[in-house]
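J.: First, the structure itself, so that you have it in front of you.
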Amino acid sequence: MKTKHIDGALVYFNEHEVGQAIREKISDGTVKREDIFYCGKLWNTFHPPELVRPALERTLKTLQLDYVDLYIVEMPTAFKPGDTFYPRDENGKYIYHDTDLCATWEALEACKDAGIIKSLGVSNFNKRQLELILNKPGLKYKPVSNQVECHPYFTQPKLLDFCRQKDIVIVGYSPLGTSRDASWVNLSCPPLLEDELLVSIAKKYNKSPAQVVLRFNVQRGVVVIPKSFSPVRIRENFQIFDFSLSDAEMNAIEGLNKNIRFVELLMWSDHPEYPFHDDY
């Protein structure tokens, strides 16, 4: 049985449904709990150390699971603590909170010691923020992964190299590019899956451009978490292990890098810990 990686989060507002589906598939014998790799995320409003375990326990209670396999700090940007996930003042400005990422991390380490998290990771952390954790006095558990945007138009070579040196796995979100929602997506970046090079390589292998893009990242050691609502496309996204890209094709796809993010999160760019001002 291959492990099923489920990338979840409190702010996806679907943990109840996901938990129900997991329990149904366990009870009918389709999978065992150890076949499921569930990743949960600590949201920005729960960074103070005393809020970390209650936030995790809320996720566990909703999922009706005893532990999560991976729990990650979703963003290095803390918001005003509380149950309003996107707190704003009367002028509509986001209300931030002083971030002590090391104190948050220590609270997560205690949850791992308690057995309710198997592994700890981060998301959207730059090199400086990763080093803050890695160099923390008395560090017990280092991040095993960093979930960041990663695809042929944004290949993350420097961050990927740094994380490899530190044995931190890069998990690539938006590996197929992303939706064209102008409210949060940078539309100056052209649609990835229409790229002529990707289309031509896809034709050669009788694959889709999406399958080529996923294969590219998997072949360079990046874990991919594509999102789709279409059962046909979800199946297609798994069918990337029956072909390999040549070195020349890998280099050509790497050459597509534009160093442009689709997901810029500019609405939080004035946060002191906004991660994307740094080079990597």
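Glycine is treated like the rest: Cβ placed from N, Cα and C.
TrEMBL entries are annotated by machine, without manual review.
Pulled from TrEMBL, these are the listed features:
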DOMAIN    4-257  domain 'NADP-dependent oxidoreductase'
ACT_SITE  TYR12  active site, proton donor
SITE      LYS41  site 'Lowers pKa of active site Tyr'
J.: To the nearest Å, how far is the Cα of TYR12 (active site, proton donor) from the Cα of LYS41 (site 'Lowers pKa of active site Tyr')?
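T.: Approximately 10 Å lies between the Cα of TYR12 (active site, proton donor) and that of LYS41 (site 'Lowers pKa of active site Tyr').
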J.: For LYS41 (site 'Lowers pKa of active site Tyr'), what residues in its own chain, 6 or more apart in sequence, show a Cβ-Cβ distance under 8 Å?
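T.: Spatial neighbours, sequence-distant, of LYS41 (site 'Lowers pKa of active site Tyr'): GLY8, ALA9, LEU10, VAL11, TYR71, ILE72, VAL73, GLU74, SER123.
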J.: So if I draw a 10 Å sphere around the Cβ of TYR12 (active site, proton donor), how many other Cβ atoms end up inside it?
T.: 12
